[in-house]
Amino acid sequence: MSSLSRFLLRGNFSFSTHTNRRFFSAVTAAAATPSPPKPSLITLVNDERDPKFITEKFKKACQAEWFRKNIAVYERTVRRLAAAKKFEWVEEILEEQNKYPNMSKEGFVARIINLYGRVGMFENAQKVFDEMPERNCKRTALSFNALLNACVNSKKFDLVEGIFKELPGKLSIEPDVASYNTLIKGLCGKGSFTEAVALIDEIENKGLKPDHITFNILLHESYTKGKFEEGEQIWARMVEKNVKRDIRSYNARLLGLAMENKSEEMVSLFDKLKGNELKPDVFTFTAMIKGFVSEGKLDEAITWYKEIEKNGCRPLKFVFNSLLPAICKAGDLESAYELCKEIFAKRLLVDEAVLQEVVDALVKGSKQDEAEEIVELAKTNDYLQCKLRLFPKE
């Protein structure tokens, strides 16, 4: 009998009888058959709602080797526990991995380090990295990069540069382009943009080649932080070095142009990305909408909004945060009303404050029935519960 089965038969599992039966069936089947019903066991973990039971189910499921190979279920479980503020249980399920032979494999350990980093638990990530030699697990650029990523994702920006300078020489690790890219991201995070840009030359001096990720980090940092001229210089260097620009490169520049009210140049750049056979995504259209809204060109902004769905994308709430207040301010209450109805009909996300702004505008514009309808839709829909006031605050 497998250890999983013995555990369950002892009666220590604190779930409901129905849940016990389902979990027992899945785990014993996983242990007894050559081809385990993987989706069933994963589903049992994913479908659980109680953080305590998520933790217990996950730990027991980890006894199946194939389950430990599933990256997605680890990421989802850690994310859900962190969202519930149960960081002690994040630590519990990741510490549980120490009992398995996977922890002697660098790829698996790098995953654990990254998972800690994604939820801001850098000290735990550092501990896992430091303990690798005890498990006869060699540390290379793979785990080093995971540690750097954990540091950046945990927003420990002041520590990134020190780790980068200290560990490679100490552990005989040769940083690669991915290492430098993470360092660049960390420097940008602490506001050291000039030092981050200077690393392009250092990368090349090391015999490495900056890639599109290197430049995309710098493009995003410059264009989104109001450093338009610096962004244009980075873009020019990218072209000069013949680094292929992807949709993220174009999106960053489009946003920069939008913030500078350069709608004509935005349209020209959009045509270029299409000419380069790149597929625009929702962020592309969000930037276009933002630019036209900023210039007060609402008809054009609405036209670009309609392009989102035509291109197989779903609008993000940032689109409505930009578009709806502008439409209300322009006095086009009918369009604002219709757009709100579309949001609920298509189950799209929007901030409650933006919806309230529309309701207030409708009431002030003597469109009481329309305002009441939006309030009712916000109250009765089954995916986005909002408590809207029918009358504006005085």
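Using the three backbone atoms N, Cα and C, a Cβ is placed for every residue, glycine included.
As annotated by Swiss-Prot, transit peptide applies to 1-24. Residues or ranges marked as repeat 'PPR 1' in Swiss-Prot: 105-139. Here Swiss-Prot flags 140-170 as repeat 'PPR 2'. Per Swiss-Prot, repeat 'PPR 3' is recorded for 176-210. Sequence annotations record features per position, and here Swiss-Prot assigns repeat 'PPR 4' to 211-245. Summarising the annotation, Swiss-Prot assigns repeat 'PPR 5' to 246-280. Annotated repeat 'PPR 6' per Swiss-Prot: 281-315, in sequence order. What Swiss-Prot lists as repeat 'PPR 7' is 316-350. The repeat 'PPR 8' feature in Swiss-Prot is assigned to 351-385.
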Report, as numbers and ranges, every residue of the chain located at least six residues beyond the repeat 'PPR 8' (351-385) whose Cβ falls under 8 Å of a Cβ in that stretch; write 'none' if there are none. 317, 320-321, 324-325, 328, 331, 333, 336-337, 340-341, 344, 391-392
By DSSP, what is the split of the repeat 'PPR 7' (316-350) into helix, strand and coil residues? 26 helix, 0 strand, 9 coil
Beyond the flanks of the repeat 'PPR 3' (176-210) by at least 6 residues, Cβ under 8 Å: 141, 144-145, 148-149, 151-152, 155, 157-158, 160-161, 164, 217-218, 221-222, 225, 227, 230, 234, 237, 241, 243
The repeat 'PPR 3' (176-210), counted residue by residue under DSSP: helix, strand, coil: 26 helix, 0 strand, 9 coil
